[in-house]
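Peer 1: Okay, here's the structure, questions in a sec.
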Amino acid sequence: MVLAIRISDVTKRYGSFTAVDRVDLAVEQGEVFGFLGHNGAGKSTMINMLLDFIRPTSGSIEVFGADCRTDGVSARERMGVLPEGYGVYAGLTGRQHVQFAMDSKGVEGDPLDVLDRVGITDAADRDADGYSKGMAQRMVFAMALVGEPELLVLDEPTSGLDPAGAKAMRETILEENERGATVFFSSHILEQIEAVADRVGIMHHGQLAAVDTIDGLREKAGGETKLIVSVSDPDESLPETVEGIDGVESARINDEQQVEVTCAKHVKMDVLLALNGQNSEVLDVTTEEPSLEDLFVEYTRGSE
Amino acid sequence: MSHWLTIARKEVRGLLGNRSAKAGVALVALVFVFGGYIVPTSVSNPTMVDYDGFLRGIVLFLVPLFGLLLGYRAVVAERAAGRLVLLLSFPHSRADVVLGKVAGRGFVLLGTLTVGVLAGAALVEYPFGTVALDAVAIYLGATALLGAAFLAIGIGLSTLTTSLRRATVLTFAVFFLFVVAWPQLDGYLYMGLEYLNLADETLPDWARFVHGAEPSLLYQRVLDSYVSTNKIRSGAYLGTAGPWFLQGGPAVVLLGAWVVVPTLAGYLRFRGTDL
């Protein structure tokens, strides 16, 4: 099966600044791919190249086998796009915007159907220039949904939306995926990605730092646990005792006189038994599981 | 529906929904109507020659300005406001965008001039004048070509820069150079050529051709050839006795080239740039 998106060794330079650095990525048909990274990490540059708004310095991008550079129109015929930094047409209503999207894609139908799906039916006949940021975002999302595209490309789709609106949009994204659409969307908010994406690419300083499934990332992140143990009689000898256990990476007494142990998941019990056995008694235990957030921080810290 | 036609339709709808564009359109049409109203008050049996004679000086400023103003924001303003991003996220090519904009804005230009000129001509004809239909058609065609040439130049300019301010400055520089300064330069051209021993009594024909290749001078040559034939009004035309390349026909072709070349250059420029 042909890939929905194939990005091959793509670099984009602006003078001496490298916005995107040798990125390779393949997105399968039918998956929801989340593109995660800080603002300025190169996500939008990458998406703008996918849409042929800007041209790669080297490398190539294909959408369903169509080269985005030389055959951009066929590539975009199969896409529904929610771009970043768009402006709406003053003087055209929401309904007319969607009608324009339909004309552009050669689709028949009632604009109200998609406006209904994004929940701005009431504002359909108002000048889109007067829409709030969130309403404009919904309207352009509706334009992207026109014609049941095979690939949805959404750049920071939930920006400007309130939490309820963001949730509704995530549900629509999942519905579209159920229908068979491949979804490629970017966000700098981890929860957004975590909630819908099958796979995640982490973009950092123009490079693709990691690509994995959510579970895969969690596994990488979840290899180690931090135990914080309150003991009745904290003593400098305790960390030493614990560090002797196989699987413990480090142990120390923190400022609140608790024992802080970083260890592999499966030795947690051994650590507790060791701490409880001697002159002291374990009073309380809390654990800190590293989150995807930590992993994200881990991946994006190095060259900060 | 073709992609460029979709864009052209949206252009027309957008222009007609814009108050200042509507005011400009009305003003230009009214000037042509006004000409038809005034001419019969000073001439007893007015024809298109009198209409042309009365309006020529105004039209030479008004129509190029109208064309440039219709065109110069076309791409740059959309780009600055992010509407180009929205437009191009649909399956339109860059060629569709340029063609759609030229077609849509050209349609508004043509519509304005048609209404103005036809109403003006009707006022000349009624009740005492005589208006030949072919003269009206040629007058309208030439005036529309003049406007379209400056529209194309404006749209071409609007692809050159990403800053609206810079586009405005460029547009007025072009207006000043082409419409105000260039037609006055023939004297200097003659002096220069005379100094180089390339000219005798008058400008040589080839120099007249080069100098007269500017759109507003070409427009004058076309009107002098076909509309006001017995009343040559500009130095751009030597009458039927002149060489073939200074006749009306080649002038029409050159004026057409002023529509095509800036459009094409604008497209080539736009095709290669990042948004």
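Positions of Cβ are set from backbone N, Cα and C atoms, glycine also.
Automatic, uncurated: that is what TrEMBL annotation is.
From TrEMBL, for reference:
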TRANSMEM  B:21-39  transmembrane segment
TRANSMEM  B:54-75  transmembrane segment
TRANSMEM  B:102-124  transmembrane segment
TRANSMEM  B:136-160  transmembrane segment
TRANSMEM  B:167-185  transmembrane segment
TRANSMEM  B:244-268  transmembrane segment
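I would like each feature placed in context: is it buried or exposed, what are its neighbours, and how far apart are things?
Peer 2: Long-range contacts of the transmembrane segment (B:102-124) within the same chain: residues 4-5, 7-12, 15-16, 21, 25, 28-37, 39-40, 46-48, 50-51, 55, 63, 66-67, 70-71, 74, 131, 136, 139-140, 143-144, 147-148, 151-152, 155, 263, each at least 6 residues beyond the stretch ends and with a Cβ under 8 Å from a Cβ of the stretch.
Counting same-chain residues at least six beyond the ends of the transmembrane segment (B:136-160), those with a Cβ under 8 angstroms from any Cβ of the stretch are 48, 51-52, 59, 63-77, 98, 101-102, 105-106, 109-110, 113-114, 117-118, 121, 167, 170-171, 174, 178, 215-216, 218-219, 222-223, 226-227, 252, 255-256, 258-263, 265-267, 269-270, 273.
Within the chain, the transmembrane segment (B:167-185) has long-range Cβ neighbours (under 8 A, six or more residues past its boundaries) at 60-61, 64-65, 68-69, 72-73, 76, 150, 153-154, 157-158, 160-161, 211, 214-217.
Beyond the ends of the transmembrane segment (B:244-268), by six or more residues, the same chain brings 75, 94-95, 98-99, 102, 142, 145-146, 148-149, 151-153, 155-160, 205, 208-209, 212-213, 215, 218-219, 221-222, 224-226, 237-238 to within a C-beta distance below 8 angstroms of the stretch.
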Peer 1: Any residues 6+ beyond the ends of the transmembrane segment (B:21-39) with a Cβ under 8 Å from its own?
Peer 2: 15, 46, 50-51, 54-55, 58-59, 62-63, 66, 69-70, 108, 112-113, 115-117, 119-124, 129
